[in-house]
Amino acid sequence: MSSSLVKMAILFASLLIMFMFPRSNAQLSATFYDSTCSNVSSVVRGVVERAAQNDVRIGAKLIRLHFHDCFVDGCDGSLLLDDADGIESEKSAAPNNGSVDGFEVVDEIKTALENVCPGVVSCADILAISSQISVSLAGGPTWQVQLGRRDSRTANRAGVTGALPNALETLQQITEKFNNVGLDSTDLVALSGAHTFGRARCAAFSHRLYDFNGSGNPDPSLDTTYLETLRQTCPQGGSNDNTLTNLDRSSPDGFDNDYFTNLQNNQGLLQTDQELKSEDDTADIVERFADSQSDFFDSFVQSMINMGNIRPLTGNDGEIRLDCKRVN
C-alpha cells in the first residue's frame, strides 16, 4: 500500500473515532489537582468514611452514581443536576428514579472541597474519586484515578432509558449498550462485579421468582434453594417491591470476588447478573474472576478507568459547578 493510502486510512480511522467518541480524554491525569487541590482525595475520603458510619450502602450508591452518569453522554456530572429552567433532570428518568441515591453525600463532599479549594474540583471528578475510595474502604483494590473532568451545563433526561442497562434486559442488549460507549465484554463482566456489595429491591428481580418470561415458572437458571430464600423475602403479589436484598449473599458489604462464585452456583440475584453465564465469552471471564480475586481486581481497576474515560468534558468545555445540583 502506498504511503498516501496509508495516511488516508489513518485519517479515516481517526475521524471515525472522533465521530463515535467526540469528547477528548487527553487531558485527564492522576496529577491534575496536585498544584491546585493537593489534598482532594483525603477530603473526599473523610466525608465518605463519615457517611459509611451511618449508611453501610453508601459505597455502592456512590459507584452507581458514577456508572449512571458516565453512560449518559459521558462522565460529566449531568446526573447530579436538579430540574431547572431549560434542564430536565436525569434523576427522574425511569432507570434512575428510585434506583440512584447518595446525592446528599456528593453535596457534602462538594461543600468540603469548596471550603479548601474553591471553584477547583468538578462534580464529575467527585464521582470518580468517591467511587475509588468506596471500593478501597470495602476491601477492594485502589488505583490512581484519572482527573480533570469538567461539569456539563445541561442534562439529557430523554437519553437515559436508551443508554443505561436495566435489570430486565438480555445479555445481548446489555452488551450492545456497553459497546455503544466503547466498553467490551471484559469491562461488562468486571464492572458487573461491583454488585459484590449493595442491595436491590424485590421489584428488580421478582419476575424471576414466579412467572419468568410469562412461563408460569421461575427462572430455570436460579438455584432452587436460593429461589426459596428469595421467595420468602419477596412473596408473590408485589406488596414487597421495595424490600431490599443483598446483591451478594456471601459477603454483602465487602468488595471481593464472591459475586462471581455466586454466579458459578446459579445464585446471581439479578437476571443481568446470572446471564453473564449464558454466553461462552462472558462465562469464561466469570470463571476466571471466580478463580482469581487478584485477576478480578486488576480487570476491575482497568475497567473503571475505561468507564471514567467515556467522553469527559475537558479544557474549556463545560464548567466547574459550585453546587453539583445546579449550573453556575
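Each Cβ is built from the backbone N, Cα and C atoms, and glycine gets one as well.
What TrEMBL records for 1-26 is signal peptide.
Annotation comment: TrEMBL describes 27-328 as domain 'Plant heme peroxidase family profile'.
Feature annotation from TrEMBL assigns disulfide bond to Cys37-Cys117 (among others). Around the Cβ of Cys37 (disulfide bond), the number of neighbouring Cβ atoms within 10 Å comes to 19.
In sequence order, Ser99, Val100, Asp101, Gly102, Ala194, Gly198 are the residues of the chain that are 6 or more apart from Arg64 (site 'Transition state stabilizer') and have a CB within less than 8 Å of its CB. Per TrEMBL, site 'Transition state stabilizer' is recorded for Arg64.
The active site, proton acceptor annotation in TrEMBL covers His68. Taking Cβ-Cβ distances under 8 Å and a sequence separation of 6 or more, the neighbours of His68 (active site, proton acceptor) in its chain are Leu79, Glu90, Pro95, Asn96, Ser99, Val100, Leu164.
With a 10 A radius on its CB, Asp76 (Ca(2+) 1 binding site) counts 30 other CB atoms from all the protein chains. As annotated by TrEMBL, Ca(2+) 1 binding site applies to Asp69, Val72, Gly74, Asp76, Ser78, Glu90.
Around the Cβ of Cys75 (disulfide bond), a 10 Å sphere holds 30 further Cβ atoms from the protein chains shown. Residues or ranges marked as disulfide bond in TrEMBL: Cys70-Cys75 (among others).
According to TrEMBL, the feature disulfide bond maps to Cys123-Cys324 (among others). Neighbour density for Cys324 (disulfide bond): within 10 A of its CB lie 22 other CB atoms from the protein chains shown.
The feature substrate binding site is assigned by TrEMBL to Pro165. Long-range Cβ proximity for Pro165 (substrate binding site), meaning a same-chain Cβ under 8 A and a gap of 6 or more residues, is found for Phe71, Gln173, Ile174, Lys177, Phe178, Thr272.
Its Cβ taken as reference, His195 (heme b binding site) is surrounded by 23 other Cβ atoms within 10 Å in the chains shown. Annotation source TrEMBL lists heme b binding site at His195.
The Cβ of Asp248 (Ca(2+) 2 binding site) has His195, Thr196, Phe197, Gly198, Asp258, Tyr259, Asn262, Leu269 as same-chain neighbours under 8 Å, each 6 or more residues away in sequence. Annotation comment: TrEMBL describes Thr196, Asp248, Asp256 as Ca(2+) 2 binding site.
Around the Cβ of Cys202 (disulfide bond), the number of neighbouring Cβ atoms within 10 Å comes to 20. Taken from TrEMBL, the feature disulfide bond applies to Cys202-Cys234 (among others).
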Out of Cys70, Val72, Cys117, the listed recorded positions, fewest other Cβ atoms within 10 Å surround the Cβ of Cys117
Thr196 (Ca(2+) 2 binding site) has its Cβ surrounded, within 10 angstroms, by a count of other Cβ atoms equal to 27
Should one count Cβ atoms within 10 Å of each candidate's Cβ, the disulfide-bonded residues Cys123, Cys234 would be headed by Cys123
Min neighbour Cβ count (10 Å) across binding-site residues Asp69, Glu90, Asp256 flags Asp256
